[in-house]
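Visitor: Quick one: structure below, then a few questions.
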């Protein structure tokens, strides 16, 4: 009994900390600097990831790691006194790294695809299911690559890339991925393909990862998927669920989580298609005053047991992106409708409650943290054209780091799937100019080789005492090879698992219409 009480305490403390982290950058975007500063102090004093809690690898990454990285990069703008070496060091960065290291054991599988759950104290439980949703595998590159670039440790970006490529390798012959896969055997367990729950943010991170890292390969992967999605799942500007190997319709539904898609389309310049799909989704909103979790497209109504609206942000997110691209006033109308609907239907004394049933507007006794992290943020940014997040590069900060000067806060922020903004310029602040370093060393080699008849080998001085020259030489060779690979990348610019358990997800997929037929 005492152990159970302790576990509940740890779990409650972890969830409380998660909510604070999730809402932190929202405070700054809304202009509440003093509260941002206060919450940072609370987190520094009270957060401990060395606890006996089973945590979702996916959720911990997008909410905790992503939230801490974003807050770290925004600390100076929030008026916090940053330590020497920032943004390459700092307490929030160290917390993000600690949280991410707790997730690394999940990636130790034969395929490189991670388990869905990890115990923060003990690692992966021996009886952990190997079945993970696609989004839970492919939604790490934004946070993990940022962490690698800021800390200099490549392990995070490496495991994220390996997981992405494993999904790509196991796509079907017609170019689609399913909903759940066994991370040990790489066999697809749920073979429904679509753009919604369980898959969504995999596609989102291919695009956002490509933009963040200027990576042609990631964008090429998404564009190939996009062709297959258009060929097999798109019907009259709706996107249905199909069997991943055959392309036959398995579920003619629209899920509220799919509403991120028009925003993603806008990021690749496909604005006309994005607007048409957005307007379809907006008609559903106007029908109910919110988006039900599932909507039967042929019947034009909600799906049994999926009539709720937990104040999700995805349609508002798309409205923000599309308004930035088009300035179409229809998008502001959605924003107004959302504000009025949320205020009228879901506001309670202590916050805003999940709408349990959109047909009669009954409420549930809960408020998801993504409401604070995403929904409010995207609504605010939709109506605040002068917010620093929308900076067009006309204003910026020059920061001196141990590796030279770098530019920050110039705009172009990449939102992770939990709406935590990452400054892409920060990825260039904490890396030594290794190419320039090697050019100098090559010149030195050439100079010495001319002075001596025998071959001269320049050894790099060890960092930590004797006996490390061989290790340093190996590390330097790896760095040089990495720089050569990176130099080939383009230099020009080019969405979450549902909250129900895995078993109920499988029950929904393929069986949701049994009672309606």
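One is the number of the first residue shown, and numbering goes on along the chain from there.
Even glycines carry a Cβ here, placed using N, Cα and C.
Note that the coordinates shown come from a computational prediction; the quantities given were computed from them, not determined experimentally.
According to TrEMBL, the record shows the following:
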- 59: active site, proton donor (ACT_SITE)
- 200: active site (ACT_SITE)
- 293: active site, proton donor (ACT_SITE)
- 314: active site (ACT_SITE)
- 417: Ca(2+) binding site (BINDING)
- 458-498: region 'Disordered' (REGION)
- 460-485: compositional bias 'Basic and acidic residues' (COMPBIAS)
Visitor: Work out how many Å separate residue 200 (active site) and residue 59 (active site, proton donor) at their Cα atoms, rounded off.
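Guide: Distance (Cα to Cα, whole Å): 14 Å.
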Visitor: How many Å separate the Cα atoms of residue 59 (active site, proton donor) and residue 314 (active site)?
Guide: 16
Visitor: Looking only at C-alpha atoms, tell me how far residue 293 (active site, proton donor) is from residue 314 (active site), rounded to the nearest Å.
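Guide: Rounded to a whole number, the Cα-Cα distance is 12 Å.
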Visitor: For the residue listed as 'Ca(2+) binding site', just count the other CB atoms lying within 10 A of its CB, please.
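Guide: Other Cβ atoms found within 10 Å: 27.
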Visitor: Relative to the Cβ position of residue 200 (active site), how many further Cβ atoms are located within 10 Å?
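Guide: A 10 Å sphere around the Cβ of residue 200 (active site) contains 29 other Cβ atoms.
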Visitor: Given the active-site residues 293, 314, which one has the fewest other C-beta atoms within 10 angstroms of its C-beta?
Guide: 293
Visitor: Would you mind reading off the Cα separation of residue 314 (active site) from the residue listed as 'Ca(2+) binding site', to the nearest angstrom?
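Guide: Each residue's Cα considered, residue 314 (active site) and the residue listed as 'Ca(2+) binding site' end up 10 Å apart.
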Visitor: Around residue 59 (active site, proton donor), how many other CB atoms lie within 10 A of its CB?
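Guide: So the number of other Cβ atoms within 10 Å of residue 59 (active site, proton donor) is 21.
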